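As written in TrEMBL, here are the features:
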type     : residues : note
REGION   : 1-70     : region 'Disordered'
COMPBIAS : 8-46     : compositional bias 'Basic and acidic residues'
COMPBIAS : 56-70    : compositional bias 'Pro residues'
DOMAIN   : 74-459   : domain 'Major facilitator superfamily (MFS) profile'
TRANSMEM : 75-96    : transmembrane segment
TRANSMEM : 116-135  : transmembrane segment
TRANSMEM : 142-161  : transmembrane segment
TRANSMEM : 167-189  : transmembrane segment
TRANSMEM : 201-222  : transmembrane segment
TRANSMEM : 234-254  : transmembrane segment
TRANSMEM : 275-300  : transmembrane segment
TRANSMEM : 312-331  : transmembrane segment
TRANSMEM : 343-361  : transmembrane segment
TRANSMEM : 367-391  : transmembrane segment
TRANSMEM : 403-425  : transmembrane segment
TRANSMEM : 437-455  : transmembrane segment
Amino acid sequence: MATQEYRAPMDSEPKDLENASDKAADSLDHHNSTDEEKFEHDHPEEAAAEAEAQPKGPPAGGPSGGPPPNGGLQAWLQVVGSWCLFFNTWGLLNTFGVYQTYYASGAIFTATSSDISWIGSVQALALLLTGAFVGPVFDRGYFRYLLVGGGFLVVFGHMMLSLSHTLWQAVLAQGLCVGIGAGMLFVPAVAIMPTYFTTNLGLAIGLAASGSSMGGIIYPIMFYKLIPEVGFPWAVRILGFTVLATLLIPISVMKMRLKPAKVRALFDPSAFTDLPYIWCVLTCTIGYIGLYVGIFYLSYFGQSTGITDESLSFYLVPILNAASVLGRTVPNWISDKIGPLNVITPGALLMGVILLCNLGVHSSSGLIATVFFFGLFSGIFIALPPVLFVVLTKNKAVVGTRIGMGFAIMGMGVLIGGPAAGAILENSAGGQNWTGVWLLGGICPLGAAVSFILLRGYRAGFQPMVKV
């Protein structure tokens, strides 16, 4: 996984934003209809974010309305707070590869790789599903309740994980509790940005989303370094206390400036009659199967085969997340120039090829290379789906709902990828069927790339120089 992570991020990370209002016409919308259509076409990600958070009026007792400040201390404090939220949502999910490796050693409980991967799969799915339900709660003005409630669940999940001795205790604590809490924190991290920024919105979201990659670098290193010093229970508790300390920052400095004029719907029935949108969602779901095979198993692959020693196998996860920083930022900028389908298609293709390259990896240097490039190209697959949802949704008033629905469905790919790869891995003497794992991981993104090519042809033909 991550991801999950954005661009939404999303992590690997999703951007759940979109709505319209009367007051927003004065504060967020200074263009005529022709200018709006041109802006949405050239900058779909920022257009979605700008439209989603157009406000109706201030929440009770909140700051006064007016145009977004586009800077200043209070606005940039929101970026700092959102960075901390990304750090403790997709940043934590991007860490699961080191947990997969550690649990597989049998130090805490004995379970197959497939069973262990359910922990990370449930965690990612819980984040995505919870995020879809949290949108309307945020729209009603319960911003601080989400911060406090979500933060409590993430910290509480770590404390309960430190006491776990069985697989299902870990699934409940790390998978469900941390996953739901992270879902409650992720939507506010993104949705608050457009109420403070318009001209600097892309920069603000990009800076905030970098927290997910930093979490995916710092938390695995902390975990690995603490285990031999204090043992698993206290290592996890220290991570939990770190989460608590860093979440006190957004709780202290973040303020909901304006409420959207209209509470977004949880479900848009028209989405299922919109062929390009459904086509895109199902294609991304297939790609996510391969994405999470790589996120969950690259670290364990190095250790279990002896390609890397124990130390390097744990450091593969930070290497992957460091590489994903470029993959989650630069492609979004390029997509503004040439179109998101023209970027995600080669990204999916290259991600599949890199995973298949693991079939021929027999040295630590080779594995480090595939991990680095997987992080780079997987970042594309994490960052661009919400941009595609914006482009493929004609009615911009339902983009927020469409993004939530899309990522909820894509969560099925997360749920399939890890456990299926684990089952394949165990389906051989000694539980070392890595050929089957990398075939699954590589073929799914390659299939997604072919589907994206066909979708592009359906939308705009097969001429190579068309922006789509």
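A Cβ is built for glycine as well, from the same backbone N, Cα and C atoms used for every other residue.
Touching of the transmembrane segment (275-300) and the transmembrane segment (167-189) is ruled out by the presence of fewer than three CB pairs under 8 A, sequence neighbours closer than 6 excluded.
Sequence-distant neighbours of the transmembrane segment (403-425) (same chain, 6+ residues past either end, Cβ-Cβ under 8 Å): 1, 4, 14-18, 48, 112-118, 120-122, 124-125, 128-129, 131-132, 135, 264, 266-268, 271, 277, 280-282, 284-293, 296-297, 385-386, 389-390, 431-434, 436-437, 440-441, 444.
Counting Cβ pairs closer than 8 Å to the transmembrane segment (142-161), the top stretch among 116-135, 167-189, 437-455 is 167-189. The transmembrane segment (167-189) shares more Cβ pairs under 8 Å with 75-96 than with any other stretch in the list 75-96, 201-222, 343-361, 437-455.
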